[in-house]
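As recorded in TrEMBL, the features of this protein are as follows:
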- 6-25: transmembrane segment (TRANSMEM)
- 9-52: domain 'Phosphatidic acid phosphatase type 2/haloperoxidase' (DOMAIN)
- 32-52: transmembrane segment (TRANSMEM)
- 64-83: transmembrane segment (TRANSMEM)
- 95-113: transmembrane segment (TRANSMEM)
- 133-152: transmembrane segment (TRANSMEM)
- 191-212: transmembrane segment (TRANSMEM)
Amino acid sequence: YQYPLMFGLILAFCWCLLVCCSRIYMGMHSVLDVIAGFLYAILILVVFHPVVDLIDNFNLTYRYAPLIIISLHLALGIFSFTLDTWSTSRGDTAQILGCGAGVACGSHVNYMMGLNLDPLPKTLPLSLSSVTVTVFGKAILRLLIGVIVLLLTKVAMKKATIPLACKIFCIPHDDVRKARQRMEVELPYRYITYGTVGFSLMFIVPCLFQFIGLS
């Protein structure tokens, strides 16, 4: 959408500030951690921004892209955490990687099935339309339906993956919270659950909106 540059900069700055301050307030990171993370994010942006279109085109068009994406995300999670000691960062990282893999695979399936869910490049940038009761109502309805579908997906996958991982690795699951702190349970649970949520977000929910006329 076409919007004032200053509005976008202010919104990005406020969002970044809230995220950084929340990590310090919750005691998850120090000020030095946040500064290093911010600088690291800038470095990633500088390195990857020139090749974003190439990566995106590869994810969409290459036949075996989903296999490579899933393998890469799994490897990043497994080799990032080799210690048996549990930490919240391990679960958060696995969750982010799983969701990213699901989103990428969902986009790939959309492209391969010819489901052009995005506006054509020649129609961009879109102009902001006036907010009417109908537009607002459809937006709220889409939000509610989407959130419900994703929550149901998360709950269903959570109930299926944790007992299955415990059974495969012979880990007692009487105390689910304790079992989830084991790497053999936590990583499959996070990857599969949030990978499925990411896939649903990009493929299942948009297809549902098209089917019921809320696209």
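FYI, residue positions are counted from 1 along the chain as it appears here.
Each residue, glycine too, has its Cβ placed from N, Cα and C.
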Result, the transmembrane segment (64-83) in contact with the transmembrane segment (95-113) (3+ CB pairs under 8 Å): yes
Average model confidence [pLDDT] within the domain 'Phosphatidic acid phosphatase type 2/haloperoxidase' (9-52): 91
